[in-house]
Amino acid sequence: MQRKWLLTISTLFFLTPAISSHSLSYNNPLHSTTPPHAISSEHNIFYVNHGGNGGNGANGGNGGNGLNNGNGGDGGHAQPGSNGNGGNGGSGGINGGNGGRGGNGDGYGNGGNGGNGTGNGHGGNGGNGGHGGNGGNGGHGSGSGNGGNGGDAGPEGGKGGKGGLGGPNGGRNGLDGASSNRSTH
């Protein structure tokens with residue numbers, strides 16, 4: 001009987017540290033103060049403040065506006081064969097950021113307009129028109145920021161986009177996009 005008790009106590013003595021060490025090394029997500037694969041605060045600021053890019057589709061989605069000092073997201077492109085328009089770029093955040101670029105059109109679709117800069121941010125460039133589309137207009141700069149360039153018209157398209165205005169504190173105006181005369185044959 002004593003031998004049976006001794007065996008039981010010995011077994012518990014050896015198993016207890018193994019169980020406790022296993023439970024201590026287990027990273028319970030509900031109690032952990034540092035989540036696995038945590039992103040640094042620098043990268044958190046980057047992803048939180050910048051506007052998201054618009055998705056590509058029959059018409060490109062518009063880019064999101066930036067937050068704080070973030071940049072606006074780029075507009076999405078029209079998918080091939082859709083004859084759709086490119087999405088517009090988002091504006092910079094309220095504390096200063098660059099405008100996003102306009103997406104490119106497809107077929108007879110037009111390019112999206114560039115977003116406006118804020119603070120001392122630059123305006124985004126306009127997207128290019130599809131094969132028969134017009135270019136998008138460039139966004140306006142703010143402060144000392146430059147205006148975005150207008151997008152080019154397609155080879156069978158019409159007018160290039162207008163360049164955005166530079167900011168009032170020495171920003172340069174953007175260039176107008178190239179126009180194209182529609183073929184007559």
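Glycine is treated like the rest: Cβ placed from N, Cα and C.
TrEMBL: automatically predicted annotations, no manual curation.
Features as listed in TrEMBL:
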COMPBIAS  119-174  compositional bias 'Gly residues'
REGION    57-98  region 'Disordered'
REGION    119-185  region 'Disordered'
SIGNAL    1-20  signal peptide
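Nonlocal intrachain contacts for the region 'Disordered' (57-98), taken as residues 6+ away from its ends with a CB within less than 8 angstroms of a stretch CB, comprise 48-51, 104-124, 127-128, 130, 133, 136, 139, 142-143, 145. Broken down by DSSP into helix, strand and coil, the region 'Disordered' (119-185) contains 0 helix, 0 strand, 67 coil. With DSSP classes pooled into helix, strand and coil, the tally for the region 'Disordered' (57-98) is 0 helix, 3 strand, 39 coil.
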